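What follows is one structure encoded as structure tokens, with my remarks underneath.
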Amino acid sequence: MALRLGLFLIWAGVSMFLQLDPVNGDEQLSEDNVILPKEKKDPASGAETKDNKCVFPFIYGNKKYFDCTLHGSLFLWCSLDADYTGRWKYCTKNDYAKCVFPFIYEGKSYDTCIIIGSTFMNYWCSLSSNYDEDGVWKYC
């Protein structure tokens, strides 16, 4: 067996070996020459599903989530059911919670993003129909 020249990388607790070139020159690269990390299964070891859409809000561990969460994971994820049953997926840029219109803020209804109440004078919106009750928001 020829000595293998390569890089051993460690990033975020995941290690992998990437072979640079076969040392003896006649050996071809194959999947056997690369050690890949095991499949990630974070949120309470449920099954990751990629085809479905995130459901917001969802309840996980007696807490209501209005957007993707890091709870129990190194990566943002969401539930595929309103009450988490083990079906989940990692969030992509298209999965994050959307603004809810109209929403109530300080007893008044708004149909667009607002700057009122913003410390940094940026437009924001509520992630629920009633900001006064839930207090969840994001910048627009």
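Cβ from N, Cα, C; glycine included.
What Swiss-Prot records for 1-25 is signal peptide.
Taken from Swiss-Prot, the feature domain 'Fibronectin type-II 1' covers 49-93.
The disulfide bond annotation in Swiss-Prot covers Cys54-Cys78 (among others). Under DSSP, Cys78 (disulfide bond) is assigned to a strand (E or B) in the three-state scheme.
All chains included, 21 other C-beta atoms sit within 10 angstroms of the C-beta of Cys68 (disulfide bond). If you look up Swiss-Prot, you'll see Cys68-Cys91 (among others) marked as disulfide bond, on the strength of sequence analysis.
Confidence in the domain 'Fibronectin type-II 2' (94-140), given as mean pLDDT, stands at 97. Look at Swiss-Prot and you will find 94-140 tagged as domain 'Fibronectin type-II 2', backed by sequence analysis.
Residues annotated as disulfide bond in Swiss-Prot: Cys99-Cys125 (among others). Under a cutoff of 8 A between CB atoms, and with a sequence separation of 6+ in the same chain, the neighbours of Cys125 (disulfide bond) are Cys99, Val100, Phe101, Phe103, Tyr110, Thr112, Cys113, Ile114, Trp137, Lys138, Cys140.
The disulfide bond annotation in Swiss-Prot covers Cys113-Cys140 (among others), and the record cites sequence analysis as its basis. DSSP assigns Cys113 (disulfide bond) to coil in the three-state reduction, outside any helix or strand. All chains included, 18 other C-beta atoms sit within 10 angstroms of the C-beta of Cys113 (disulfide bond).
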So if I measure Cβ to Cβ from Cys78 (disulfide bond) and keep only same-chain residues at least 6 apart in sequence, which ones fall under 8 Å?
Cys54, Val55, Phe56, Phe58, Tyr65, Asp67, Cys68, Thr69, Trp88, Lys89, Cys91, Asp95
For Cys54 (disulfide bond), what is the tally of other C-beta atoms lying within 10 angstroms of its C-beta?
20
